[in-house]
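Below is a structure I'd like to ask you about.
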Amino acid sequence: MSMYLDTKRMSYLKALALCSVLLIGFIISLYSQSEFLLQVGDIWRLISAPDDNDINQQIIFALRLPRSLVACMIGLNLGIAGALMQGLTRNPLASPTLFAINSGAACLMALNSIGFAVLTHIPSEVATFCGALMGGLLVFLLGGGLQHNANPLRLVLAGIAINGLLTSLTRAALIIADDMAYSMLHWLSGSLSEVDWQSWSQLWPVSLCACLLALSTCRGLNLTALGEQTASSLGINTSWLKIRVCLTVLLFTSISVTLTGPIVFVGLIAPHISRALFSHNYFVLVPTSGLIGGALVCWADLLSRGIVPPAETPVGIVTALIGTPFFIYLVLRGKS
């Protein structure tokens, strides 16, 4: 009994530490790396005595606050999406990046931006959703992901191939749209520099719906981890579960890519850290993966602003630099 209480107490301490890391990163992101010498006191004055004539308060409220909120929410979206994908495929390498969901969404978004054929008349959110669906389906079909015992390596190889194809199409769109090339390239690298309150108003309702859907799949994913036949015998409709998980992942990914471009490897890293620190139980894994993803993107955004100030490095480049060694480590660990 005492061991159980110690384990539970340790889990609470870890959760508190994780929330503290996220909160500290969020607060620092509101005032650090600014040409206007913002301070923590400006944040307190914005809360306690807001002043429309205070330029520092206006910078924090109009620019920094929406950016930090979007960064945390994008990280949460991608972290949960990665956890769901790894649970659905039972593949530790699964993520929106490796399964071409990010690149599919980015490809159709780029083609939509240059006014390609029928995509001209489609809203950007719909284009990214369709692109994410297209990329994921192609990987699953080529990699045999719909088979009962799908080979994880085959899925990864299919993801690499489809990623290459979609990236080539995206680059072709960049060449065609010469006048938009710089802004599109910045967006394709995963950038938070253009987000504002309108971005936040688009992001949070979709993310909230997707979070509720994600929580509704936790029991099914826990039982599916024991095997599909076992889950079916316990009353889980595995086909309906797969549809709900796929829809949730597409919602998370498409809205995130629409606003910031593809921010890579967050969906791969966050679930692995969550399993190592907390639990394989999806009722714990899903929310903690979201918190870890939010903290990761928030701190990566801070780093991106400090690499070559006053210029900004796209946050997707920072997450790629973190995620690539992590991916190599997972592959090598899988071989051993």
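Here the Cβ of each residue, glycine as well, is placed from N, Cα and C on the backbone.
Residues or ranges marked as transmembrane segment by TrEMBL: 12-31, 68-85, 97-120, 126-143, 155-177, 245-270, 282-303, 315-332.
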With a cut-off of 8 Å between Cβ atoms, can you find at least three pairs linking the transmembrane segment (68-85) to the transmembrane segment (282-303)? Only pairs 6 or more residues apart in sequence count.
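Stretch pair touches.
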In the same chain, who gets a Cβ under 8 Å from the transmembrane segment (126-143) while lying at least 6 residues past its ends?
96, 99-109, 111-112, 119, 150-151, 154-159, 161-162, 166, 246, 249-251, 253-255, 257-258
Is the number of Cβ-Cβ pairs under 8 Å between the transmembrane segment (282-303) and the transmembrane segment (12-31) three or more, considering only pairs separated by 6 or more positions?
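Contact between the transmembrane segment (282-303) and the transmembrane segment (12-31): present.
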